[in-house]
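Here's what Swiss-Prot has on this protein:
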- SER517: active site, proton acceptor (ACT_SITE)
- ASP81, ASP123, LYS124, GLU491: Mg(2+) binding site (BINDING)
- CYS122, CYS195: [2Fe-2S] cluster binding site (BINDING)
- LYS124: N6-carboxylysine (MOD_RES)
Amino acid sequence: MPKYRSATTTHGRNMAGARALWRATGMTDADFGKPIIAVVNSFTQFVPGHVHLRDLGKLVAEQIEAAGGVAKEFNTIAVDDGIAMGHGGMLYSLPSRELIADSVEYMVNAHCADAMVCISNCDKITPGMLMASLRLNIPVIFVSGGPMEAGKTKLSDQIIKLDLVDAMIQGADPKVSDSQSDQVERSACPTCGSCSGMFTANSMNCLTEALGLSQPGNGSLLATHSDRKQLFLNAGKRIVELTKRYYEQNDESALPRNIASKAAFENAMTLDIAMGGSTNTVLHLLAAAQEAEIDFTMSDIDKLSRKVPQLCKVAPSTQKYHMEDVHRAGGVIGILGELDRAGLLNRDVKNVLGLTLPQTLEQYDVMLTQDDAVKNMFRAGPAGIRTTQAFSQDCRWDTLDDDRANGCIRSLEHAYSKDGGLAVLYGNFAENGCIVKTAGVDDSILKFTGPAKVYESQDDAVEAILGGKVVAGDVVVIRYEGPKGGPGMQEMLYPTSFLKSMGLGKACALITDGRFSGGTSGLSIGHVSPEAASGGSIGLIEDGDLIAIDIPNRGIQLQVSDAELAARREAQEARGDKAWTPKNRERQISFALRAYASLATSADKGAVRDKSKLGG
């Protein structure tokens, strides 16, 4: 029978000092012996996805204490990728994932907590907490802050839905008036919550459902809706049950590594492909799998991408649907239901509620359930009122979207595409693969060949795009922006957005060893591995080289002979200490970022730290 970890600090005469300190936090004799559960919050006023979380930890804590546990809350950092975008701040985004994972480990292990409730939401916070949860392998439940309502505004006598990306594109489009740009900017992000499309934050919060570590509705129920409060209340109660099951009944099925098994990871990736999720999810799932010691690789993702269709299309791939529409159609469980009926899921998995996949679908799939309360929950909709407050409205759609032929979520027979929303490409400068969000690629450019325009920083590429130096037919290559080369693997949302602003969204390709925002669409190929800074062949591309992209056949090829590439590699190596570094880039790199870069692996490994360099 496992012993409560917290007993290390609460039992025995030699722990008198620790107990004295616990008493100073409000604990009493009656609490010594109860499970201590960490409420891992991520409130910050910097991030709209987290600005409403200040009091939500208290909600969870009250339920933990009522159920017989002791709740102790702490906070992690949270970087807003949208605010950090387009300048040096983006260098810090991906490295913050490792800091979050480490800080959770530090706090939980230093104080011997028995279990966790993770209150996450945005881009690197959910992955960081997920990595920590699987590393620690103690009972955990995720409950995120929820999606933002879609922005809405009237343009050309028509009400259109908006998000952050629309503000970026219009702001850079010289054809858009100042007044229209200002109107879109003021309307794009109306409420608290994670940005309203299927961007990285919402993609990851959906995937926690598929992994079994969060409750149904977690990924899609709006941050502003009063129904979301119940997820927090349930999490507080349920974590005590899971904790006691493990420590008092020796039930290891309560542990996250047994819930988020390889089968669950495959289900999560299947969901991701079907819903056209952010390419960043690939990076984060690979990293989380390593923490769980699960053999889940780019090869597994490639195999799944070849057989899973696209059953859901959401912004930025279309303006028609946002997360509020996904929820109305049944949310994550609605998509999983269609995938299950198509025979594409592993059914022998359980979630934190103790339900198998068939049981979860029977109870929560709007196409199957007889539970009116569940149907009512999925009718939770937007209010259209600007707010930073959680649970501030109770509006509902009149009906569910259960149209699986023409609605937001489709059945297999009516799939948006027989090919899924993500694909892995391989070729002579992406030997370990690269990723493209096919959900956002126009059919006319699924095959594309063009001359390379090579840039060694995102900044130079942006200057060239806005300066008219990139023209239709070009393949923009941005290198030395990988985990090590950046360092920090910046998102390339501004270059892709500005290509659209210049009318080149369907006329150019962009390839990088960096990554893309979940808000990116277009022929945007990222995560090229190995990255340039690790000796990857992307570092050998020269201006004018022809690059052929073939998404249907999963290929990407630099049309340069092997002999020429070998000569270029020899010349690169001859640069000595300067080999595999950018030639003409001035960038101030802090010690913290240099420390990150010294251990960073390429994207095909999840951009995690190279344990072999530490003897691990």
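Any Cβ shown, glycine's included, is placed from N, Cα and C.
Local packing around the binding-site residues ASP81, ASP123 was summarised as the count of other Cβ atoms within 10 Å of each Cβ; on this measure the leading residue is ASP123. For GLU491 (Mg(2+) binding site), the number of other Cβ atoms no farther than 10 Å from its own Cβ, over all displayed protein chains, is 32. Of all the recorded positions in the record (ASP81, GLU491, SER517), the one with the smallest CA separation from CYS122 ([2Fe-2S] cluster binding site) is ASP81.
Taking a C-beta cut-off of under 8 angstroms and a sequence separation of 6 or more, SER517 (active site, proton acceptor) has the following same-chain neighbours: ASP81, GLY82, MET85, VAL165, PHE199, THR200, SER278, ASN280, GLU491, MET492, LEU493, THR496. Classification of GLU491 (Mg(2+) binding site) by DSSP places it within a strand. For the recorded Mg(2+) site, residues ASP81, ASP123, LYS124, GLU491 set the reference point as the centre of their Cβ atoms, and the other residues of that chain within 8 Å of it by Cβ are VAL79, ALA84, MET90, SER93, LEU94, CYS122, THR200, ALA201, ASN280, SER517. Counting every protein chain shown, the number of other Cβ atoms lying within 10 Å of the Cβ of LYS124 (Mg(2+) binding site) is 29. Around the Cβ of CYS122 ([2Fe-2S] cluster binding site), a 10 Å sphere holds 28 further Cβ atoms from the protein chains shown. In three-state terms derived from DSSP, CYS195 ([2Fe-2S] cluster binding site) belongs to neither a helical nor a strand segment and is classed as coil. In this structure, the CA atom of CYS195 ([2Fe-2S] cluster binding site) is 10 Å away from the CA atom of ASP123 (Mg(2+) binding site). Secondary structure from DSSP puts ASP81 (Mg(2+) binding site) in a helix. A simple way to gauge crowding: the CB of CYS195 ([2Fe-2S] cluster binding site) has 32 other CB atoms within 10 angstroms, across all the protein chains here.
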